[in-house]
Amino acid sequence: MNGVSEGTRGCSDRQPGVLTRDRSCSRKMNSSGCLSEEVGSLRPLTVVILSASIVVGVLGNGLVLWMTVFRMARTVSTVCFFHLALADFMLSLSLPIAMYYIVSRQWLLGEWACKLYITFVFLSYFASNCLLVFISVDRCISVLYPVWALNHRTVQRASWLAFGVWLLAAALCSAHLKFRTTRKWNGCTHCYLAFNSDNETAQIWIEGVVEGHIIGTIGHFLLGFLGPLAIIGTCAHLIRAKLLREGWVHANRPKRLLLVLVSAFFIFWSPFNVVLLVHLWRRVMLKEIYHPRMLLILQASFALGCVNSSLNPFLYVFVGRDFQEKFFQSLTSALARAFGEEEFLSSCPRGNAPRE
């Protein structure tokens, strides 16, 4: 469920003194069962968060999918938000397995399920992030180059570009399908990334785990968090700057949805990425390959990030105009206003408003 390797060989397989800071290792070797450390009430709280995300995410994104297919006109915006809702819907569907993993305190579904599940999770994760970038860039181009957008911004091209986003997401998560495996640690089976060979010595194996962890964590942080965040934020700034130059007094309005989306993305996913970096630091500096409490904290921060996917449908509807006004509208009209940028287009200077 995390973006980096989580399991290692058992204590007896490693050279003495390699993991000098992992005191939990010797303490647990006398137990034949799977024992895991707890961090207060973090495990049950994580299960509650995942449960809420499953219900809200499946229902909310499912409703958006149904309405964009059957109740709304097919435009560039509805194509983009359909694929974003699909990615969030897929991520929400995968959460029951994540919850089972956390409750069981170990991976019990086998190696191939480990490969397929983690690949599916990160396909949804990267697709959602890349689609947010795609939507932001699309709206930015529509504002900065309205004439070009009028001639080239078509539903067919948007569909092909969205398909390309899914291919990019598949490429970004393909390493999980090849290198994910399972291994027991202190009686607990975990699903983790393994770039190494079982025939290597313990010291070489440790170095391989750390090297793979560095590559995976930095790549995930840049491609799955910092990069999308920078692009979305830049697009929001460029939109507002262009409209201010053209004398639109309500320049903050079209920026509002992008601002809320990027803020929600940052708030909910930043803990997960910070924990990833802390986990990397502990492995590189403290030579700590595995720590059960860090694994639980990583799982909890991932659960918090999943809340973002379940909230996106509500952000589409309730951001842009006053909540009270949209609450009494039909849902179709509210989504149309969000996806079609009705309030933005109707307020742009005439002749400059981009069209679908």
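Glycine too: its Cβ is placed from the backbone N, Cα and C atoms.
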Recorded disulfide partner - C114, candidates C34, C188, C191, source Swiss-Prot: C191
Just checking the record here: does Swiss-Prot list P44 and I297 under the same topological domain, which would place them on the same side of the membrane? yes
What residue among N199, N308 has an entry for N-linked glycosylation site in Swiss-Prot? N199
Go through the chain and flag residues at least 6 beyond the ends of the transmembrane segment (258-280) whose CB is under 8 A from any CB in it; none is fine as an answer. 2-4, 129, 132, 136, 139, 213-214, 217-218, 220-221, 224-226, 228-229, 232-233, 235-236, 239, 294, 297-298, 301-302, 304-308, 311-312, 315, 319
Quick check on the disulfide-bonded residues: of C114, C191, whose CB has the lowest count of neighbouring CB atoms inside 10 Å? C114
Across the topological domain 'Extracellular' (101-116), DSSP labelling yields 10 helix, 0 strand, 6 coil
Are there three or more C-beta pairs under 8 angstroms joining the transmembrane segment (221-241) and the transmembrane segment (79-100), sequence spacing 6 or more? no
Highest-contact recorded stretch vs the transmembrane segment (157-178), from 45-67, 117-137, 221-241, 301-320, CB pairs under 8 Å: 117-137
Below 8 Å between Cβ atoms, which of the listed ranges 45-67, 117-137, 301-320 makes the most pairs with the transmembrane segment (221-241)? 117-137
